[in-house]
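The feature active site, proton donor is assigned by TrEMBL to 293, 533. Feature annotation from TrEMBL assigns active site to 426, 562. Residues annotated as compositional bias 'Polar residues' in TrEMBL: 135-146. The compositional bias 'Basic and acidic residues' annotation in TrEMBL covers 147-164. According to TrEMBL, the feature disulfide bond maps to 490-519. Taken from TrEMBL, the feature region 'Disordered' covers 120-165.
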């Protein structure tokens, strides 16, 4: 037997095959061939997805470049724009007349009147952009004057001081704000800010005034002298009896006149009134106030004065008062009660009804939204805007027109079928437009409601009188037309003109001009040159050749501002001096028929201050 053969030894080895004339050198050409090979190995779907993603990224980059280029261009032109928007000094004629750009021609398309809001053009807007919650910096000297005395008198108010950001005042007194973020107010800067140009200008000698400007100032001084002597610190002067009356006991006339004194350059009178606000105005009072009246007069007066002067005293007072009004919104429907006690915080409807008027609950939004923007406290804006949203969705409207009453418990309209632009509904329409402008023209529902309402007015309420074919706004009661027009309706020409200036249909300007003529004739066709509270237009040719007739109960004038304010808007937007002349005529009529000669009274309530009387 042969032994088994020995097993063959196991050998491990590596076989490497090299191509002749080539060597691996990590070259880019080989990597490119490798990437191309991998690309070819992908499915068609995977290739398409990658191509789409690359194209999307390239498009995004291109759009970002365009957006950044627009911002750089806007920033480079900002100093020039700000110089153009600086205010006029009273009496100083500017190089270019202060006339707003003429409106463009109306679009031929009939659908334009029902247009949807378009993307706003890039420009420097008057007023707060997008209603962002951030306060402007105070840069005026007035913002620091008397701070030491005020803090000593009211130490609890120190934490309420809100920080502000530099502002520029336009010719209307509106504030031109820079683009803002949504953050809360910043800490006060440690370095003292330079006085604003407007404050510096007010501190200098006043410029020469023309005859009409002097006449306006003289009329104000006359009225203010009577208030100062016989009603100082009270709500209202009674010029015939040379006494006073009270609405709420909060100095309504004084607060309402603060911004007027600033605009007229009456520095001494302004400082005296400011001292009263600082030392005497106290909201810790057991008194009921009407939410609407106190908002537009007190809250609005304090906020506008803060914007003009930059004095934080007025912002602190506004915030305090705004907080005291908030209980009015605590209703089942969030539609606010008409009255609230600012001392106890108890709110309630009027004694005779549980309803609030539509104009009152929808005409507080501008002030509450602005208070939130300046203080950074959102609750004011949120409460007011909830009312706007609620009314937007309510049924019971007629082509954009709203009834006059709304129930605070159910949140529904009441007294359906009655539509007017007079008392109890008027300012609802005005505030729709102004809120849209205030919010940077971004709130679509406000614009939609405003445009729908204007079309409803044209369809149901516009008529022409006899014999002079004056265009007027009547009323509708259960589809029955009445040729009754309140003087309050004369807000509409100015509102329409303001809308056209901000890009709304230019056929609105035609209606604005026609209604402005009517409001002027409501004054001119009266023996005194002053409009009555209510007029009724003739729909058929009369015997006396007059378009209007006045009932005995309506033969009074309450010194309402609607007509003159609309004349201001029409003059600014058109440059037509006839509107300026008409306003001057009305002032002359007021001077002739409503001015009371000064005289002695049994008691006076003139202020006791260290400031010499004017």
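In case you wondered, yes, glycine gets a Cβ from its N, Cα and C as well.
TrEMBL annotations: computationally assigned, not manually curated.
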Neighbour tally for residue 562 (active site), based on other Cβ positions within 10 Å of its Cβ: 22
Sparsest-packed of the listed active-site residues (293, 426, 533) - C-beta count within 10 angstroms: 293
Residues that sit under 8 angstroms from residue 519 (disulfide bond) by C-beta distance, when 6+ apart in the chain: 487, 490, 493, 531, 562, 563, 566
